[in-house]
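Now, the feature entries from Swiss-Prot:
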type	residues	note
TRANSMEM	14-34	transmembrane segment
TRANSMEM	42-62	transmembrane segment
TRANSMEM	72-92	transmembrane segment
TRANSMEM	103-123	transmembrane segment
TRANSMEM	131-151	transmembrane segment
TRANSMEM	178-198	transmembrane segment
Amino acid sequence: MANAKELKEVLSGPIVSNNPIALQVLGVCSALAVTSKLETALVMTIALTAVCAFSNLFISMLRNHIPSSVRIIVQMTVIASLVIVVDQVLQAYAYDVAKQLSVFVGLIITNCIVMGRAEAYAMKTPPMMSFMDGIGNGIGYGAILLSVGFVRELFGNGSLFGVEILSKISDGGWYQPNGLLLLPPSAFFLIGTLIWIIRTIKPEQVEAKG
């Protein structure tokens with residue numbers, strides 16, 4: 001049974017020390033696509049965290065009964081089943097957001113973070129630790145998404161969660177929104193900036209040269 005210290009390390013590690021986007025550079029495609037609004041970034045974070053946590057839990061519970069030759073198929077079946085559940089819940093209770101997220105919820109099935117944690121961690125670790133690892137990686141993924149979404153929506157549209165924060169010139173205010181921040185390439189540069197900041201603070205994350 002894992003003690004509280006181990007659980008805390010597993011939960012907090014992926015947020016900064018081993019962030020799936022900033023350090024491992026996984027899940028970047030969805031991070032570019034769903035961060036033009038803070039609302040979609042938050043919902044995507046919740047969706048991926050739920051899938052990652054519960055897929056880790058179920059795969060860990062089944063790990064001693066899965067033949068090595070079909071383990072990837074079993075993992076994808078578990079993940080796909082959870083993604084379908086999450087997608088149906090979103091369409092039932094948050095239809096407008098589900099439409100904005102489009103295919104990206106479905107693509108959680110092939111998300112490198114979810115697949116990677118299932119194969120590298122859940123297949124070798126007890127259920128509770130695996131569950132907490134899934135939550136930690138989901139929060140780490142979400143921390144980057146929400147940071148990028150905050151900057152893009154605030155300075156690209158002058159709002160947060162659809163509520164106007166910076167009064168726009170077109171409405172008689174003072175702020176001219178930067179439309180470039182609403183384009184996907186801007187997310188790429190913002191993520192790069194976050195990675196640079198994190199690696200400046202934690203230089204041990206910088207890859208060795210040569």
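Keep in mind that glycine also has a Cβ here, set from the backbone N, Cα and C atoms.
Here the structure is a predicted model, which means the values were calculated and not measured.
The highest tally of CB pairs under 8 A with the transmembrane segment (131-151), across 14-34, 42-62, 72-92, 103-123, 178-198, is held by 42-62. Using the rule of three or more Cβ pairs under 8 Å, pairs at least 6 apart in sequence, the transmembrane segment (42-62) is in contact with the transmembrane segment (103-123). Sequence-remote contacts of a segment are chain residues at least 6 beyond its ends whose Cβ falls under 8 Å from one of its Cβ atoms, and for the transmembrane segment (178-198) they are 16, 19, 21-23, 28, 31-33, 35-36, 144, 147-148, 151-152, 155-157, 205.
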